[in-house]
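According to Swiss-Prot:
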TRANSMEM  14-34  transmembrane segment
TRANSMEM  59-79  transmembrane segment
TRANSMEM  95-115  transmembrane segment
TRANSMEM  125-145  transmembrane segment
TRANSMEM  154-174  transmembrane segment
TRANSMEM  177-197  transmembrane segment
TRANSMEM  200-220  transmembrane segment
TRANSMEM  222-242  transmembrane segment
TRANSMEM  257-277  transmembrane segment
TRANSMEM  295-315  transmembrane segment
TRANSMEM  328-348  transmembrane segment
TRANSMEM  362-382  transmembrane segment
Amino acid sequence: MKGKVVALLHKESTIGILLIIATLLALFLENSPLSSFYDSFLHTPVEIRFGALHIAKPLLLWVNDGLMAVFFFYVGLEIKREIVDGHLSQISQMTFPAIAALGGMVVPALLFASLNFHDEKALNGWAIPTATDIAFALGVLSLLGNRIPFSLKVFLMTLAIVDDLGAIIVIALFYTTKLSLTSLVVASIALTILFIMNRMCVISKGAYILVGVALWVSVLKSGVHATLAGVALALLIPYRINKNGKIYELTKQMEHGLHLWVNFFILPLFAFANAGVNLQNISMSELFGSVPMGIMLGLFIGKQLGVFGFGYLAVKLKIAKLPKESTLIQFYGVAVLAGIGFTMSLFIDSLAYEDAQIYQYADKLAVLIGSLLSGIWGYIVLSKSSAP
């Protein structure tokens, strides 16, 4: 019985279903007489005081700035593992998904920009349709079971990891606010300490987490988005240490320890906190405005065109090969699934339009619609192309 529960918790489809439940619950609460309770819950003030340190934020921002930093720490651990010991460890393995991921970022961004070039504030959301929600996309793919070659699952995972790496770079370069020099100096000191600990082969996970918290606080205060602290911490934790004849794999241990927390608490809570859209506040003209249309078309059309188009071109030019035992139509189906932006797109949306409340409902609904269309069409294509 215990084994079955553990297996269920590690199934991608279980994670996807939980995210759907969290989203539907948020939509129900926001559009019911309980909407005031939902809104007040998200805006509950939470303060932390420790000596001179004082951080006060509503619960929603603790989720977006705090818990999502833990999520990006987990993503950073995944990226490091794949680079050192996995699907990104060899150029030949990462060429095809990297090219496809590049297309999956460039084409949706250009499509969004083409619809919003006239409005500088609206144009700030160009990165929203470039994201892929790996948990949700793999969840849809897992519904097809063994009918899909394992190589396609590996491709989608690798593409999403490269996509996440791109999202991290985008956040660092384009969604950084006014900088605080003092906080950046403190963050630099924390990074230096982590680097020294790495070189000295420190094996205490608690020590890394303690310095990591200091790094997160300083980055939070610096104007750089706090989630980047999670990535930096992950990359500075030693992958494998051989000490006194004993092997310590800190990265794998931490990644394994965070798996359930990230997928069954952090991501569902993020979806619950950010997917609540008041449908009564959205008119059809607003839904078909340039920003929502840029997001919907970017996710559903731009993403599949970019991933499939760049991938197909790479195959035709003999730069890369299709995943083993997969067909071109199956690759197209997976390219469509890459348009499930969901939590990652909602997160970038919260950064792009945090001061522009005019978009805050229609753009979120656009993320949900674009992701839903990508999930449904991707599933149909793959089920038809992989009929038993």
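Glycine residues also receive a Cβ, built from the backbone N, Cα and C atoms like all the rest.
Sequence-remote contacts of a segment are chain residues at least 6 beyond its ends whose Cβ falls under 8 Å from one of its Cβ atoms, and for the transmembrane segment (257-277) they are 9-10, 15, 18-19, 21-23, 25-27, 29-30, 38, 42, 59-60, 63-64, 67-68, 70-71, 73-74, 77, 135, 342-343, 346-347, 350, 361, 364-365, 368. Highest Cβ contact count with the transmembrane segment (362-382) among the listed stretches 14-34, 95-115, 125-145, 177-197 falls to 125-145 (criterion: pairs under 8 Å).
Remote same-chain residues near the transmembrane segment (222-242) are listed as 65-66, 68-77, 79-81, 84-85, 168, 171-172, 175-180, 183-184, 187, 191, 194-195, 197-198, 201-203, 208, 211-212, 215-216, 248-251, 254, 351 (criterion: CB distance under 8 Å, separation of at least six residues from the stretch ends). Of the Cβ pairs linking the transmembrane segment (328-348) with the transmembrane segment (177-197) and spaced 6 or more residues apart, fewer than 3 are under 8 Å, so the two regions do not touch. Counted over residue pairs separated by six or more positions, the transmembrane segment (154-174) shares fewer than 3 Cβ pairs under 8 angstroms with the transmembrane segment (14-34), which leaves the two as not touching. The transmembrane segment (295-315) is not in contact with the transmembrane segment (177-197), judged by fewer than 3 CB-CB distances under 8 Å for residue pairs 6 or more apart in sequence.
Highlighted: of the candidate stretches 14-34, 95-115, 177-197, 200-220, 200-220 has the greatest count of Cβ pairs under 8 Å to the transmembrane segment (59-79).
Same-chain neighbours of the transmembrane segment (95-115): 87, 123, 125-130, 132, 155, 158-159, 162-163, 166, 290, 293-295, 297-299, 301-303, 305-311, 314-315, 319-323, 335, 338, counting only residues six or more beyond its ends whose CB sits under 8 Å from a CB of the stretch.
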